[in-house]
Each structure stands twice: as C-alpha cells, then as structure tokens.
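Before any comments, here is the structure.
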Amino acid sequence: MTEDNPQFNQWYEQDTEVDHLLRDAAANDEEQRSELSLRPQFLREYIGQEALKEELNVYISAAKQREEALDHVLLFGPPGLGKTTLAMIIANEMNVNIKTTSGPAIEKPGDLVALLNELEPGDILFIDEIHRIPTNIEEIMYSAMEDYFVDIMVGQGPTARPVHFPLPPFTLIGATTRPGMLSKPLRDRFGIINSLQYYTPEELQQIVVRTADIFNAPIKSEGAYEISLRSRGTPRIANRLLKRVRDFAQVEGKDAIDKNIVTIGLDKLRVDNRGLDETDHKLLETMIEYYKGGPVGLNTIAANIGEESETLEAMVEPYLLQIGFLQRTPRGRVVTEAGYTHLGHAYQRKL
C-alpha cells in the first residue's frame, strides 16, 4: 500500500472512496451474495471445468513455489458458469486476499488507483464485467499490470502535476461474458486466458446433490438429474431451480425431492424439459410466426418481444446456439430444424 505517501493521502481523501467501489460491486448482484454459502472454496471441491482446473492447478503451484504473484487471469463465458467462484478459489489456493469490484463501478482513474492502493503484495483484484471499464481507465491499467505502477494527474488546472504511484506485485482477475469487447492491448496483458464451458447434465447433477445437502433437503438421484436437464448447463440456474423445487416439495409434504415433484414444480414455473423458459419460447415463436424462422436481426427480435438486444445476446442466445436451436448467419438469426421440432412446428427447408 502507499499510505505513507502524503500526496496520495491528500488526493485519495478528496477524490474517491474505495468502500463504495466494493459495496457497489456486491450490491449489483443479490443472487451472488445469497450463493456464497454454496460456493466451493478450493479446486478439489469445484465440480466440472476439468481442463481449466488442471491448468490453474499448475499455474498456482508454480507461482507458490517461486513465491511470486500469479500471472493475470482472464475468465470468460456465459453468466452463471462460475467465474466469480473461480476467482475466490484462486485467492484461497494462493492464500492471499481478494478485492472484488465490477467494471461499471470504476468510473474515473482515481477509482482504480484507490482499489490498487488497497492491495498487499500477491493480493488479487477481481473485476467482474471488465469489458465495461472506460477506455481511459483501461489505459491506466496497462502499466499497473505490466510494471506495477500508475501515473496519475493530481490537482486541477495550472497546478495539476503527474504523480508516480508504485504498486506491489498483484494479480488482476478479469471476468467477462463478452470477451470480444475487450481491446487487444488489454487482452494481451493477461498471461492466463480461459473460457468456461457449459456443464454436462452429470456435472450439474453432482452440483445439485451437493447444494441439496447444504440445504439439508433430501433429494433422489433422478430428481437431481431432472433438475440438471432443465438448468441450461449452468450451475447458478441449477441451484435456483433447486430452491424453487424444494418449496414445492415442502408444501406437498414430500420426504425427498423426486423426479415427479421436480417435473410438477418446473412445469408450473414454465421451464421445459430442455431448460427453455418463456423468453426463449417467445423469441423462437416470434421468429417462426412473423419471420418464417429467419434470418432476422437481433434488434428486430428484441423490439418484437420487448427485451433489450444486449440482454438477449448475453443471457438468452448463447444457450440456444449451444443446443442447436438457433444459428447466426451473416444475414441474421435463424431457427434451426431442431428448434422447430422442439416447439412442435413443421420445418420447411429454406432454398
């Protein structure tokens, strides 16, 4: 930390407040906070992402043997796959502290410097939604990541002057659902870049059983598997569906969560046997009914169903692409034959 630097202390007190950066990041995701008790603490407890775990284990072990900070890490993939959890696990495995914030919370250079000032040697700064950091902030990060220092202007007008702030060796972990929005200079400064993949039903079944045990909610194997099939390959969704099914089981007086109560509960929640919800159905049905299955632009689809195009691109479209119900083409999105079949429509091959 640079607390012994009087120039920093004066600027720091006047320009920013680090607590609000950390609070804002936490307050932005109530669901993540509620899931803290469900998160594994170490790699050996983490289910799925086997190749990624093996790589991280090597990098972490090597950094600890050299007594160095871990290289900067970029994690990308759809929401809910465990990027934040992995950041916490890396901190635990390295036995260092972690500061957590989000890209939108870092609004000015002083915000970033304030966060970096909180770090001790080897600590981790985790930035969720790192693709949303402003360009001028991103440029300051270059020297911080490469050479562990930042230069920032202190004061205003004619009295403004550059001040050099040395930083301790640290690890930046960035998480994003949209890696294509990161600039090449920023992306190139991450030494470890990994994508998280959708989970298999078998992996999700293990996660559901583990979560049910934490909830002290008895669950049968076929019940856990049925939840996994409807969870869109995503642990966060699996845990959320389990919570709701647990409510149905309790009200119905069930001793354990079985496949029957899972089916009843999730049918009432309008989550079908492939994990598609109302928004998915509305998107596909609109494309079929009004645009003959496409091709049609994402903005047009969003306007038709009353959703933001950014929401559809980040939250809805990836899974439909993954399971083969939707295709991207140069002319727009197209519903596939599998998508037609799932919705019970006759497919007419386009010439």
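Glycine is treated like the rest: Cβ placed from N, Cα and C.
Going by Swiss-Prot, these are the annotated features:
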type	residues	note
BINDING	LEU38, ARG39, GLY80, LYS83, THR84, THR85, GLU146, ASP147, TYR148, ARG189, TYR199, ARG236	ATP binding site
BINDING	THR84	Mg(2+) binding site
BINDING	ARG328, ARG333	DNA binding site
REGION	4-199	region 'Large ATPase domain (RuvB-L)'
REGION	200-270	region 'Small ATPAse domain (RuvB-S)'
REGION	273-351	region 'Head domain (RuvB-H)'
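Features recorded in Swiss-Prot, as mapped to the structure shown.
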residue : record           : Cβ contacts under 8 Å, 6 or more apart
LEU38   : ATP binding site : THR211, ILE214, ASN239
GLY80   : ATP binding site : THR234, PRO235, ARG236, ILE237
GLU146  : ATP binding site : ARG189
TYR148  : ATP binding site : PRO166, LEU167, PRO168, PRO169, PHE170
TYR199  : ATP binding site : ILE47, GLY48, GLN49, LEU81, ILE207, GLY233, THR234, PRO235
ARG328  : DNA binding site : LEU321, VAL334
ARG333  : DNA binding site : MET287, GLY294, PRO295, VAL296, GLY297, LEU298, ILE301, GLU317, LEU326, GLN327
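Taking H, G and I as helix, E and B as strand and the rest as coil, DSSP gives the region 'Head domain (RuvB-H)' (273-351) the counts 43 helix, 9 strand, 27 coil. DSSP assigns THR84 (ATP binding site) to a helical segment in the three-state reduction. When other Cβ atoms within 10 Å of the Cβ of THR84 (ATP binding site) are tallied across all protein chains shown, the result is 21. DSSP classifies LEU38 (ATP binding site) as helix under the three-state reduction. Mapped onto DSSP classes, the region 'Small ATPAse domain (RuvB-S)' (200-270) shows 50 helix, 2 strand, 19 coil. DSSP gives TYR199 (ATP binding site) a coil state; it is part of no helix or strand. The DSSP secondary structure for TYR148 (ATP binding site) is coil.
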